[in-house]
Every structure is written in C-alpha cells, then in structure tokens.
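A quick write-up on the structure given underneath.
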C-alpha cells in the first residue's frame with residue numbers, strides 16, 4: 001500500500017448508523033497537478049498562489065487527521081524549487097508521487113461509492129474546453145444525501161476541503177472559492193459547524209471575512225429541524241467571488257512581513273524569506289555544471305543559460321540574441337540612440353549607468369582600485385587586472401602555433417602575424433615590416449643614417465639634460481625646449497609696435513612663398529640668409545652649435561639652411 005494511503009484523514013458519512021460508510025480523503029484527492037506547458041503559462045504570482053494553497057491544504061490535512069508522510073511535491077514547494085509534471089497523453093497525468101485519478105475512481109466504484117465526474121471549464125483561454133481544468137483543487141464532488149462526520153475512533157469533526165477556482169471575470173484576476181461542504185460531528189456534544197464561503201488566498205496569508213463567516217454559520221444552524229448535512233445546504237454555492245487584488249490592497253500598503261535583522265518590510269512572506277538569505281548567506285540553488293550557488297531559483301535559471309548557450313531574448317533590429325532581458329534592453333539603445341544617463345558636470349550622456357560611473361571618475365580623479373603589491377591606483381578594474389599581470393607574470397594569451405604566452409591580446413595578435421606571414425607595414429622601398437617601430441627605425445636609418453629620436457616617454461625619463469643655453473647656462477632635456485628658451489633672450493632685440501607686426505607678416509609671406517615653390521628653396525633660403533639680421537643668424541648658429549656638440553647626427557648643416565631653419569626664423573619673428 002502506498003505510504004500516503006496509510007495516513008489518511010478518514011471522513012465518515014453521517015446518516016443512519018446502518019448506512020454509515022467510510023470514505024477516506026487522501027492528499028491526492030485535494031492536490032493539483034500541472035503539465036510543463038500549463039506550468040509555463042502561469043505567471044509568478046499564480047505560482048506563489050499555487051504554492052501557498054498546496055502548503056495550506058496539506059497543513060489542514062495534518063491538523064484534522066493522523067500524521068501524514070510528507071509528499072515529494074510538498075518538499076519541493078517548501079524549498080521553492082520549480083515544479084511541473086510530464087506532458088499528458090490521452091489520459092490525465094499527475095505528479096509521480098500521486099496516483100492517477102482514474103485509479104482512484106476505480107477504487108471508489110469497487111467500494112460502491114458514486115463515481116466522480118471531472119469538472120469542465122468553458123471559455124478558459126489557453127486550455128481546451130473539453131479537458132479537465134488543470135488547476136482545480138480536489139475532486140469536484142457532488143454532495144450526497146449523506147453528510148460527512150468524523151472517524152468513529154476519534155469521534156471528532158473532520159473537514160473536507162474542495163477548493164475550486166472560479167472563472168476569471170475582469171482583467172485576469174483569479175478568485176479561489178471554497179466549496180461549502182458541510183461538516184458535522186457525531187459526538188454527543190457536536191462541534192460547531194464550519195463553513196467558509198469565500199476562502200481566498202493571497203501569497204502567504206489567508207484572508208477571511210469574519211462577518212461573512214458568521215452569517216454562513218447562522219444560516220446553517222438557524223433551522224432547528226434541518227440537519228446541516230442535507231443536500232439543500234450542501235448544494236448552496238458561493239457566488240460572491242471577489243478579485244484577490246481588491247482584498248490585498250491594505251496588505252500591500254501595510255507590508256506586515258518585517259525583517260528582524262535590518263527592519264525592511266515586505267508585502268509577502270515569500271519575499272521576506274528570499275531577503276533573509278542575504279543576512280544568512282544561504283544559497284540553496286546550486287549549478288550542477290560549475291557548482292556555483294545562488295539565493296534565488298531565477299538567478300540559477302539565468303546562470304544555466306551560460307552553460308547551455310540558450311539566448312531567448314532576440315533583437316528585432318539586428319537579430320542578435322541575449323541570455324538576459326536586461327542585456328537586450330541595453331542593446332536596443334544602440335539602435336534607438338537613447339542615452340538616459342547624463343553627466344551633470346559636462347553634459348555627456350551614456351546608455352549605461354556603469355559607463356556614467358566610470359566617466360565621473362575623470363572629473364573627480366578618483367582611483368578606487370589599488371594594487372596590493374605596489375600601491376598603484378587605477379580608475380578601472382580592467383586596468384588593475386592588466387597591471388597585476390606584471391607582478392604575477394601571468395600570460396593568459398597563448399599562441400596556438402608556438403605556445404608563447406602574452407599578457408595582452410593585442411600582443412598576441414601582433415605575434416600571430418609572424419606565423420601567418422602578414423606584414424602590414426611597408427616603406428617607400430617596398431620593404432615590409434611587422435610593426436610600426438621597426439618601420440620607423442628603418443626609415444630613419446635610410447634617410448639620415450641614424451636611429452630615430454627618443455619617444456616622448458623616453459625623453460621625459462632622461463636623467464641628463466644635454467641642451468644648454470650659452471647665455472644663461474640653463475640646461476634642457478629636449479632641443480625644442482632650448483629653442484623656446486633662446487627666444488626669450490632675443491625678444492628685446494625684436495622691433496616693437498607696427499614695425500614688428502609688418503615684419504611678422506612679411507616673414508609669414510616668405511614662408512608661404514617657400515612652400516608654394518619648393519624648387520626655389522635654395523635660392524630663397526640663400527636670399528633669406530643674406531638678408532637676415534645679424535642677431536638672427538647668431539642665434540641660429542648658437543643653437544646649431546649646441547646641437548652639434550650634443551647630438552651631431554641629428555643636426556642640419558648651417559651652410560645650407562633648410563625650410564626648418566626658415567620656419568625657426570619665422571617663429572622667432574612671430575613671438
């Protein structure tokens with residue numbers, strides 16, 4: 001015998017002693033089974049409602065009868081796991097822990113009890129009209145002339161629950177009504193009759209109207225000559241079904257479920273249960289692939305899409321798919337051009353809040369990510385991760401051909417060009433190079449016979465100052481700094497007022513003529529050399545002499561002034 005058959009809430013039909021028959025009510029009689037398709041059509045609110053009704057029903061069975069073994073479905077509902085059953089065939093299926101309804105009807109036929117007929121629903125969207133309604137709680141029992149009473153051994157009252165879901169009327173609101181099955185006690189001191197006309201559930205709280213209940217009790221007990229278990233009372237149905245949302249508005253505002261740790265309140269007990277996992281650190285939902293745990297089942301479902309590659313959210317514009325709806329929402333802003341996050345300092349807008357947060361650090365100069373090894377700070381985590389590889393010597397990017405590792409993906413891409421034979425950098429002599437530094441060095445060697453000058457970073461970190469001013473003795477790292485400094489010494493020698501502006505314009509015109517007639521550089525340069533003031537020639541000679549001493553390869557000869565020398569004179573004139 002099934003374990004659930006052993007622990008049943010026995011219900012005895014009340015009537016003449018000779019006609020007293022025993023009719024056991026098991027958890028299967030009042031349970032609900034869903035197919036996977038039907039379960040998928042329920043929204044989260046309906047699933048929570050289903051969970052609460054099932055747990056409450058099982059609790060009532062425990063309270064009115066002997067101790068029952070906990071079914072598997074109850075354990076799953078208590079843990080909050082997703083629940084559905086296999087697809088139904090030609091006959092109505094059920095949860096593996098429950099017996100098929102057809103077997104239950106056969107057993108009733110053998111005992112001589114009237115067979116049950118499944119309840120039908122018409123006009124239900126999403127379900128066939130000729131199929132049994134999938135979310136009807138319990139068997140749709142017709143009240144017989146015999147009334148129900150307790151088991152003789154206990155000589156107490158028993159309650160039979162036959163919850164039936166009423167058709168949806170307005171805006172998809174559901175109403176659960178308790179069929180008014182009459183309950184009697186066969187003891188000498190009968191227990192007060194109980195009948196709940198409107199038995200509505202909101203997520204975790206049972207809402208009852210005390211005035212309505214008391215009126216129902218008075219209606220049943222008001223006729224002294226009538227037995228409360230007769231058909232006239234049993235066939236009376238509740239017709240005042242009220243939408244759940246109308247009864248729970250006060251609960252939504254009150255938020256009766258409060259967290260004892262942080263004081264945050266919630267509308268529903270299920271939300272409070274999930275919130276408490278933040279304080280306890282409980283993560284009951286674990287991924288079978290990687291072992292990562294989550295506090296909510298919905299988070300686990302989203303995580304599992306990483307392993308399965310399922311991307312149900314597809315962009316209608318470009319067809320790109322995403323595993324999360326939030327990712328699709330952010331992606332759509334690329335097509336619409338929407339940038340809702342605007343910087344209050346500069347007015348620049350972004351399509352993601354995280355991008356705005358990174359941008360704000362450019363104004364504040366904040367660098368919250370600090371290296372624990374050397375103490376260097378960074379404004380982004382990606383920069384910190386790249387920096388940490390210099391300490392750990394981690395090289396995650398490995399070449400498939402030779403096995404050489406690199407710290408950056410760009411370095412790996414450049415390295416792979418060697419194996420592919422790709423050389424994208426080409427000089428004038430049609431020579432090909434893999435990287436730009438090699439091309440630059442080649443061009444300097446071919447043109448000037450020397451290595452290229454130091455880069456900006458290399459010049460900044462130089463310890464020596466090779467360029468010295470002959471007039472004041474001040475030294476500089478770069479020759480351009482010395483040239484700018486020499487101009488400050490010769491400013492007093494420059495003409496002032498209108499004559500200075502005229503000479504500036506004439507120098508610019510001469511530079512323009514030289515640019516337009518490159519073939520006449522030599523003659524014009526020679527003329528410029530002959531017509532230049534003596535102070536200018538001396539200043540140029542001093543600068544060339546200094547550069548010749550420090551770096552003789554990079555100095556252009558004075559005897560044949562080039563366009564650069566003419567530009568130098570023009571700069572001095574303009575300042």
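Yeah, the Cβs are placed from backbone N, Cα and C, and that goes for glycine too.
Because the structure is a prediction, the values reported are computed rather than measured.
Pulled from Swiss-Prot:
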- 25-96: domain 'KRAB' (DOMAIN)
- 92-130: region 'Disordered' (REGION)
- 98-123: compositional bias 'Basic and acidic residues' (COMPBIAS)
- 174: SUMO2 cross-link (CROSSLNK)
- 210-224: compositional bias 'Polar residues' (COMPBIAS)
- 210-237: region 'Disordered' (REGION)
- 249: SUMO2 cross-link (CROSSLNK)
- 257-279: zinc finger (ZN_FING)
- 285-307: zinc finger (ZN_FING)
- 313-335: zinc finger (ZN_FING)
- 341-363: zinc finger (ZN_FING)
- 369-391: zinc finger (ZN_FING)
- 397-419: zinc finger (ZN_FING)
- 441: SUMO2 cross-link (CROSSLNK)
- 467-489: zinc finger (ZN_FING)
- 488-533: region 'Disordered' (REGION)
- 511-523: compositional bias 'Polar residues' (COMPBIAS)
- 545: SUMO2 cross-link (CROSSLNK)
Same-chain residues near the zinc finger (285-307), Cβ under 8 Å, at least 6 residues beyond its ends: 80-82, 274, 277-278, 323-324
Chain residues outside the zinc finger (369-391) and at least six past its termini with a C-beta under 8 angstroms from it: 358, 361-362, 407-408
Local confidence of the prediction over the zinc finger (341-363), expressed as mean pLDDT: 90
Number of helical, extended and coil residues in the zinc finger (313-335), per DSSP: 11 helix, 4 strand, 8 coil
Non-local residues, at least 6 beyond the ends, that sit with Cβ under 8 Å of the zinc finger (313-335): 302, 305-306, 351-352
